[in-house]
Amino acid sequence: MAQFFKAKPNTSKQLSSKLSLKVTQLDHLGAGIAHHDGKIVFINGALPGETVSVQLTEQKKKFARAKLLKIDKASAQRVSPLCPHFDKCGGCDLQHLDIDAQRKHKASTLVDLVNKFAQTQAGEVCDTLSDNAWHYRRRARLATWFDKNTKHISLGFRASSSSDVVEIQSCAVLAEPLSALIPDLAFMLNQLSGKKALGHVELTQADNGNFVVLRVTKALSDKDKARLVEFANKHQVIVLLQDDDAQCEHLNGAGEQPYYGFDDNQVKLNFSPGNFIQVNAQVNQAMVSQAVEWLSPKADERVLDLFCGIGNFSLPLAKDGAEVIGVEGVQAMVEQARINAKQSGLDKVSFYHADLSADLSKEPWLGKVDKMLIDPARAGAYESMQSLKKLKPKALVYVSCNPASLARDSEVILKQGYQLKKIGLVDMFPQTHHLESMALFELKN
């Protein structure tokens, strides 16, 4: 069972004590939990069942933190991290735990959170939606850091709890074609005369090819652009430059926009560098299919999709004839969603830009809502759920990337006359403590 604690502000005391502790469980962020002097001790990198030597680094009234020094007795679920950058990079924090144990822990965390904070039983716990444990990310944003002394630009990810950039040669969770680009890309960027103007680098694997987006703070020279085009042609990628106003310049590819599709591209979603997409293509397909199955929208029903983005759920929900209303807080994604619907030949889908923290029941375009789907950011949809009683959808699917927000919002939903019928883990981010989930609520009676 996962444990959850809310730390209250208190003055920290730095300690140097070295202790031998027995780890009993993991917390919801993947840290090992032990006990000492009546306090909970959090130990990053430690696993349940292990005996470890640690050094206390922080102590507060009810808990302490410790640095892992040595594993005296290892868990049978401990594995060697695949990534050579694991001990420095802040991207993956559970590579040392067997993948089956990772998923079991996440599922337990999800159910425990909902049971505890929503004060309800989780209903039917569905099978975990999962796919490959490695090389699953179709998109990643790499950081850059320019060393003024050496004139070298580093390309990599941020270190854990730090702004430092860990220079990498590969990434074990990034799609293999994208991971393979990193060494040559880093070398090429260091050849640019304008490398000091480079910001982050976004790598994307779309259904129509691989894309490299370079954020630049000022224009690059024609010579630098020629080097980038040479790199693009050699590696068969499309390279774009993105300025501070998020405007993109294609250096090759004739303005081609990345896309991904469903159902053999009968439904196709184009997206831009600034648009949000789910990074795990295979799990996203399974998640969308499950959402459509759970809601089973009929041709005479109206479905409301809040936080709809570019139409990831809206378009598949409309495929069998239901009328779908997608609402999004970012105007650019609303415009892209409308284009995607038109290109997919779906004329019963409409998209609107709105403040999702406001009461949408008064919007003239809303009307009757038979069923509903929400897919909010980590902050959840607490404000949006306040008007649920006015809309009264028969069924609601909540897609969550933060189990704490889901648990909090579930309490609001239940108080408005709904019951939790199904819940399930969506393992969108293997090798990390992050978890996606889905819950189905149905109106009572």
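Numbering starts at 1 and runs along the chain as it is shown here.
Just so you know, glycine gets a Cβ as well, placed from its N, Cα and C.
As annotated by Swiss-Prot, active site, nucleophile applies to Cys401, with the evidence given as sequence analysis. Per Swiss-Prot, [4Fe-4S] cluster binding site is recorded for Cys83, Cys89, Cys92, Cys171. Annotation source Swiss-Prot lists S-adenosyl-L-methionine binding site at Gln278, Phe307, Asn312, Glu328, Asp355, Asp375. Under the heading domain 'TRAM', Swiss-Prot lists 12-70, citing sequence analysis as support.
Listed in sequence order, Val327, Glu328, Gly329, Leu356, Ile374, Asp375, Pro376, Ala377, Ala381 are the same-chain residues at least 6 apart in sequence whose CB falls under 8 Å from the CB of Phe307 (S-adenosyl-L-methionine binding site). Between the alpha carbons (Cα) of Cys401 (active site, nucleophile) and Gln278 (S-adenosyl-L-methionine binding site) lies a span of roughly 11 Å. The DSSP breakdown of the domain 'TRAM' (12-70) into helical (H, G, I), extended (E, B) and coil residues amounts to 0 helix, 36 strand, 23 coil. Taking a C-beta cut-off of under 8 Å and a sequence gap of six or more, Asp355 (S-adenosyl-L-methionine binding site) has these contacts in its own chain: Gly329. For Cys89 ([4Fe-4S] cluster binding site), the number of other Cβ atoms no farther than 10 Å from its own Cβ, over all displayed protein chains, is 22. Packing around Asp375 (S-adenosyl-L-methionine binding site) is summarised by its Cβ count: 24 other Cβ atoms lie within 10 angstroms of its Cβ, all protein chains included. On the backbone, the CA of Gln278 (S-adenosyl-L-methionine binding site) and the CA of Cys89 ([4Fe-4S] cluster binding site) stand 22 Å apart.
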